[in-house]
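Undergrad: TrEMBL lists 1-18 with the feature signal peptide. Sequence annotations record features per position, and here TrEMBL assigns domain 'Fibronectin type-III' to 23-116, 118-208, 404-497. The annotation transmembrane segment is assigned in TrEMBL to 502-523. Annotation source TrEMBL lists region 'Disordered' at 662-690.
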Amino acid sequence: MWILALWIFPLLCKLGLTALPTKPENISCVLYNSMTLTCTWNPEKETSCTEYTVNVSCRKKSYSCKSSSSTGASCSFLHQMITPPDTCSIGVTAQNVDGIIKSDVTRWRLSEIMKSIPPEILSVKPILGVKKMLEIKWKPNSSSKYILRFKTINCTHWMEVNFTAGNIYNLTGLKASTEYGIALRCRDKLSRIWSDWSQEKTGMTEDEVPHILDLWRILKPVDVNGSRPVRLLWKKAKGAPVLEKTLGYNIQYSPENNTNVTEMRTTNQTLELHLGSETYTVSVTSYNSLGNSIAATLRIPGVHEKSFQCIKAVKACLVQDQLVVEWPRSCQDVDTWVVEWFPDLDSELSAFSWESVSQVKNWTIHRDKLTPFLCYNISVYPVLQDRVGEPYSIQAYAKEGIPSKGPLAKVENIGVKTATITWEEIPKEKRNGFISNYTIFYQAEGGKEFSKTVDSSILHYDLESLTRKTSYTVRVMASTRAGGTSGPRINFKTLSISLFEIIPTTCLIGGGFLMLIVLTVVFDFKRQNSKLAPLCCPDVPNPAESSIATWLGTNFKDKVNLKKFDNSVSTEDKTLKPCPSDLIDKLVVNFGSVLEEAFTEEAGKSQENILGAEKNEYVTSPYRSDYSSGKSFEGPLNLTEIPSRKSHHQYWEMAKDICSEAKEELPSPGQSSGPDHLCGDRAPNPYLKNSVTTREFLKLEEVPDHTKREV
């Protein structure tokens, strides 16, 4: 039993590992140009090396063809062996090292599987005098059915036409002045297999008068001179031949309801007009050698005319490889819309484009026609007959990217635990898309990084809960749909103490110092030997205690202490009144003469008592008089010694006598305008320096001490 099992087991394993070739299926045969029969089948490739044998049986004759998996699942027979209209049986046998497998036998009528050679086109040209038609010629062949396909140049969509027999075909219904591409294929009447397409040939239809133009305008504000610049733009309308020949354009414009028409001619597709404030009608036609096109007209509204509103919202979105602009139809009467678009950075509108659409409420443009990462201004105008309504404008990107640079940030209002981060908007040419948000990243020195995200309309953010006296690093990132870009990093350090903490501390310390100073001053004033009291309240010197009292004797002290005015004198008499000038002069001269004699006499006696040897100095006498009775007194007096107290007393008595004489000559108090104390019992006040004319005396070289002399 065990010996039998050991013998059967390898056999079973061998049978289990056997992999027969795949059965050939879907056999297809084609007879090329009635010469070569080629058959193909599935599968096209095998994992193991497989050999194929194709067996063909026609009119009791058998033919075989061999191929392998390395050359492909295909085999061909030469035309000498097989000729139509025979009916043949075809089968395929596949064989490998593991075994053989056969396909089902198929039957083929050779006339039905014939494939003709593609036709050879000789010419494609227009017929003189016949518009919108091309004549196609090709070499004659035995085929009886044809398919002609055509398209305009640079177009991917083909159109097809079926016809039978012949070798000439007139293709009509074309566009004038348009180049077309033509290709042909054919098949036999009984065959069901078409030939390959012929080589493509091109031809161009004849010219005709140009088509009507698409006309648009750009209205600019009125200038200082009252003129309104209007920029006219036109282009070929949709459906116009791409190669349409145009020699130039005629422009006519005039005020509305006015027959005064202005006409201009240009070869450009734009023109700048300077119109008035009223409404104008403008028309543009194109012309060539065959004639003029139909006029395209446009109404330019007046300056003060209000446009009607129709569009309430416009949105733009990207759908696969197209930008789609949609708007709701709020006005039922409006079926025509004008969409204009241009780059936002194009101030001169050099890349301005527009397009007119009808019977729709959306507009699409391929993204390849727009510049990526560039913002476009898109406006939609409703058009009702000849009137243009108020536009609705939006901005859109055909493709967005990350910003080229990040925001430039700075730190303001740095506090103990707070700081304000501000940043500038990125220039439009650097955004590459719509900024969706800003993210603020901040990190303490040696700490974890935190982030805060704000809306794109916010350009500042207040950081809170910071650490006192700590260095921080901040950066701001601007993000679009495609991603974000961070700006440069900036550093700042929080304060150790805030202003609100400094003010109370300063007030407290300053108040303490102020109270200390006040208490110190008060305490010093209360002391007996205060040093601040004499500085704040100095003693006023008493004239009676001055050195002049020693010169004039005790009689002067007594007179100083007397009452200044008599109580019986009225208030009117107490008023200072000037003495007559001649009386004053007489008094001063007499008094000056007495002083001069006295000082001269005394100076002669005291010549030998001079103590010092200093140089003489000049002093001014308060009693000098420049006039005397008959002559003026001039020249300084040389004083060598101050008279004694006794001499002073005698001279003052003499002065009193002179004053008494002057008193008698003074008028009564009611008539006098001078004060009575000038010539009274009192001695002259030495402080009233301006009451008399001064006189210069030579000062003693050294004034002797009167106290020592009297002793």
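We count from 1, first residue shown onward.
Cβ coordinates are placed from backbone N, Cα and C, and glycine is handled just like the others.
The model shown is predicted, which means the values in this text are computed figures rather than measured ones.
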Undergrad: Mind looking up the mean pLDDT for the domain 'Fibronectin type-III' (404-497) in the predicted model?
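TA: PLDDT averaged over the stretch: 93.
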Undergrad: When the domain 'Fibronectin type-III' (23-116) is classified with DSSP, how many of its residues are helical, how many are strand and how many are coil?
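TA: So the domain 'Fibronectin type-III' (23-116) is made up of 0 helix, 55 strand, 39 coil.
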Undergrad: With DSSP helix as H/G/I and strand as E/B, how many residues of the domain 'Fibronectin type-III' (118-208) fall in helix, strand and coil?
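TA: Result for the domain 'Fibronectin type-III' (118-208), in helix, strand, coil order: 0 helix, 41 strand, 50 coil.
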Undergrad: Under DSSP, the domain 'Fibronectin type-III' (404-497) has how many residues in helix, strand and coil?
TA: 4 helix, 44 strand, 46 coil
